[in-house]
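A short write-up of the structure that comes next.
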Amino acid sequence: MPPRDRGAPEPAGQRELLTAGDVARTIARMAHQVIEKTSLGASGAPPVVLLGIPTRGAPLAARLAARIAEFSGVTVPTGTLDITLYRDDLRRRPTRPLGETALPQGGIDKALVVLVDDVLFSGRTIRAALDALRDAGGRPRAVQLAVLVDRGHRELPIRADYVGKNVPTARAEEVHVLLTETDDRDGVLLYREGESG
Amino acid sequence: MKHLLGTDGLDRDTALAVLDTSDGLKRTLLGREVRKLPTLRGRTVITMFYENSTRTRVSFEIAGKWMSADVVNVSAGGSSVGKGESLRDTALTLAAAGADCVIVRHPASGAAHRLAGWLAEAGTSVVNAGDGTHEHPTQALLDAATLRDRLGDVEGRRIGVVGDVLHSRVARSNVHLLTTLGAEVVLVAPPTLLPTGVADWSVGDAGSLVVSHELDPELPTLDAVMVLRVQAERMHGGFFPSAREYAIAYGLSENRLRLLPEHAPVLHPGPMLRGMEISAAVADSPRAAITQQVTNGVHVRMAVLYHLLAGEEDGS
């Protein structure tokens, strides 16, 4: 399991960073930013593809695409990119099940690929995603990154192009993104040191 | 998972996890120009084959290489085994040389288990690639993967295993695995080619085991038929009057294929003896899943290596 995929949260020692309404508004704002920054639909602009990183990046990418279609009328292809086989910490944890990699029908060659994930932390997931993307076939025109929460503590020279919310955290704290598709409700929770489930 | 020595005792969850990983790897690699994953970079896998093999050795080698492991092949013929070195000393040598995983095929039943004991201290994983007439777990896993591809699920299915059950490690591993996954396995063979203790084979709680001596009445009831090779090299004595008589009584001919339900595939672990246990026309028909089995063999063996070598070492 990815580190962000944890069991049912406990009420004690947690703080709600984003409510369900905040999550919806945040995704809507990110959709506007993607439309503007990629010149979506303009002549000469590259086709945009959203690739969600399982587990929670996948439903986030789908929601982002729905908002983008709503605001711009342009349907951007979405897919998923599993990074399990590219992780650099496989031997530090029990064997992980694989997630789903499903590139959109048209592929990603010459496209502007926007990777979508829930939390940006060390940056190691994104490094693995870039490796996975290189092996997936095709050569994207450019790769960008969209995350719902940037909690800092980068260990690699990686930054996001679209950030839903910047959250200053202590390293030992944990940020859990909840989505209806995977967790039965929307929200972002911060757990204090050693108090998460 | 530390070793894969057999499917006897392999629990349902672990078996399904390996099969799911295999499916995932197959989907991941589908249509790729470069079939290479970095997952096992820096791990060393040694295949040690004391018996002839084409598909098992090659597919383990390909599986290791596609996962970026360093794969070294040792065969009994070209190694110090020819000078009289014991299995134990050869294995300790390979472990000392840095093997993270040893894949062994040996004519003696139980060889892989002994090896796992000798290599416990070194921490080397052992995969049984066929030991005598005992087990061949990756073959059973790739058969299960193929049955899942063709039938959707193994649970509740009735699977025929036909032929030389006595000498077949494939049959034994399949009985354990397929019953664990909830199938009913029907062993069909002449009495001379059934092991004496077959009724006492351990069977998964979810499934069941049936023995029959006649093929034709069973065929219409089967969801798949697995044809075994007649292993003449292990036969010392008369097990049936003649090859022709065996083919007439138990060979899967075109006429027999018509008795099998439309949805039921034909599996064979290979190598095939066309005209003996399976006719050429059946082997080449679209009902035969034989090349699909080989392809699945690579993904299943990748999945096994992933489950043995990619996770944290838990010592279990």
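Glycine is treated like the rest: Cβ placed from N, Cα and C.
TrEMBL entries are annotated by machine, without manual review.
The domain 'Aspartate/ornithine carbamoyltransferase carbamoyl-P binding' feature in TrEMBL is assigned to B:2-148.
Around B:His136 (carbamoyl phosphate binding site), the same-chain residues at least 6 positions away in sequence with a Cβ under 8 Å from its Cβ are B:Thr56, B:Asn128, B:Ala129, B:Gly130, B:Arg169, B:Val170, B:Arg172, B:Ser173, B:Pro269. Residues annotated as carbamoyl phosphate binding site in TrEMBL: B:Arg55, B:Thr56, B:Arg105, B:His136, B:Gln139, B:Gly270, B:Pro271.
Of all Cβ atoms in the shown protein chains, 23 besides its own fall within 10 Å of the Cβ of B:Arg169 (L-aspartate binding site). Annotated L-aspartate binding site per TrEMBL: B:Lys83, B:Arg169, B:Arg229, in sequence order.
The feature domain 'Aspartate/ornithine carbamoyltransferase Asp/Orn-binding' is assigned by TrEMBL to B:156-308.
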Sequence-distant neighbours of B:Lys83 (L-aspartate binding site) in its chain (C-beta under 8 A, six or more apart): none
Mean of pLDDT values spanning the domain 'Aspartate/ornithine carbamoyltransferase carbamoyl-P binding' (B:2-148): 93
CB contacts for B:Arg55 (carbamoyl phosphate binding site) [other CB atoms within 10 A, all chains]: 16
Residue pair B:Arg229 (L-aspartate binding site), B:Arg105 (carbamoyl phosphate binding site) - Cα distance, angstrom, rounded: 18
CB within-chain contacts under 8 A for B:Gln139 (carbamoyl phosphate binding site), separation at least 6: B:Thr56, B:Gly130, B:Arg169, B:Val170, B:Ser173, B:Asn174, B:Pro269, B:Gly297
